[in-house]
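A short write-up of the structure that comes next.
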Amino acid sequence: MINMDISVTPNYSYIFDFENDFIHQRTRKWMLENWTWVFYYCGIYMLVIFGGQHFMQNRPRFQLRGPLIIWNTLLAMFSIMGAARTAPELIHVLRHYGLFHSVCVPSYIEQDRVCGFWTWLFVLSKLPELGDTIFIVLRKQPLIFLHWYHHITVLIYSWFSYTEYTSSARWFIVMNYCVHSVMYSYYALKAARFNPPRFISMIITSLQLAQMIIGCAINVWANGFLKTHGTSSCHISQRNINLSIAMYSSYFVLFARFFYKAYLAPGGHKSRRMAASLAAQNVVKQSSSPQQASESSKFIGAGEDQAAYLRKAKAQ
């Protein structure tokens, strides 16, 4: 028998057994007992990616087009499913209980087993998502600061917030699932050599910027609610708010900087053309023979991949 508080739970048309069997107390206990693991994961991640760059320095790049298609497709499917199972809870709470409940009451974990299960998977998914960087290293694409900084901070913050049952995290989870649904679908198509319209990449970056703005706004509301009602009514810590707003603000600055350079800078080219042109020029300058010069077309493709990656540099 399904044991959920119907008053704060949307009317799911179907609930899977693995969702109904979810017990949030067990997962929280495990996260609390193993909270130090996240720092080991981050340390190993840094060693692998920067060590991998050194390893690949004098080796030819891998194409990995097939694995990349599968990788992006799986992440897109996971994100779509996650959005479909968590967004109804947020909408239901906003409609029937208002903004305060959506920011201050963690019913999405404590009373809703469906949303609680997909919240747990969301946190766990930040570990395999580190694999994005493996493709960058093996394909010898630029590893920009935003990429690895984002991966590490999201993993640590997600783990930390889950142990606290941070109530405002329902917003962050739904937004991340939704944006990743579009983003990974787009990159799966790009990896498969389909060519979605150019404006799609601009829309994705705009969605990422909107995600950061909303994230900052939610934290401002949470801070106000916390000061007005206290921790007894608003289940979020001041430390969490401070960390979250610092994280979202830094993401916004980094994404806004890219957006300006890619789409708005006077006299600038689109990011793909810039990367392809620079790659081609670099090869021509370094080539001293016709055979070497003929390799420029391969580097142009690498430049296009670089630009595609820069647009992907994620949010979380």
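All positions are counted from 1 along the displayed chain.
Heads up, the Cβ atoms here are built off N, Cα and C, so glycines get one too.
Listed features, source Swiss-Prot:
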CARBOHYD  ASN11  N-linked glycosylation site
TRANSMEM  30-50  transmembrane segment
TRANSMEM  64-84  transmembrane segment
TRANSMEM  117-137  transmembrane segment
TRANSMEM  142-162  transmembrane segment
TRANSMEM  167-189  transmembrane segment
TRANSMEM  202-222  transmembrane segment
CARBOHYD  ASN242  N-linked glycosylation site
TRANSMEM  245-265  transmembrane segment
Before we move on, state whether the transmembrane segment (167-189) and the transmembrane segment (64-84) share at least 3 Cβ pairs under 8 Å, counting only pairs 6 or more apart in sequence. yes
Measure from the CA atom of ASN242 (N-linked glycosylation site) to the CA atom of ASN11 (N-linked glycosylation site) and give the result in Å, rounded to a whole number. 34
Residue among the glycosylation sites ASN11, ASN242 whose Cβ has the most other Cβ atoms within 10 Å: ASN242
Take a look at 30-50, 64-84, 202-222, 245-265 and tell me which one has the most Cβ pairs under 8 Å to the transmembrane segment (117-137). 64-84
Maximum Cβ pairs under 8 Å to the transmembrane segment (30-50) among 64-84, 142-162, 202-222, 245-265 is reached by 142-162
Top Cβ-contact partner of the transmembrane segment (142-162) among 64-84, 202-222, 245-265 (pairs under 8 Å): 245-265
Who are the long-range neighbours of the transmembrane segment (202-222) in its own chain, taking Cβ under 8 Å and residues 6 or more past its ends? 99, 103-104, 167-168, 171-172, 175-176, 178-179, 182-183, 186, 234, 236, 241, 244-245, 248-249, 251-252, 255-256, 258-259, 262-263, 311, 314-316
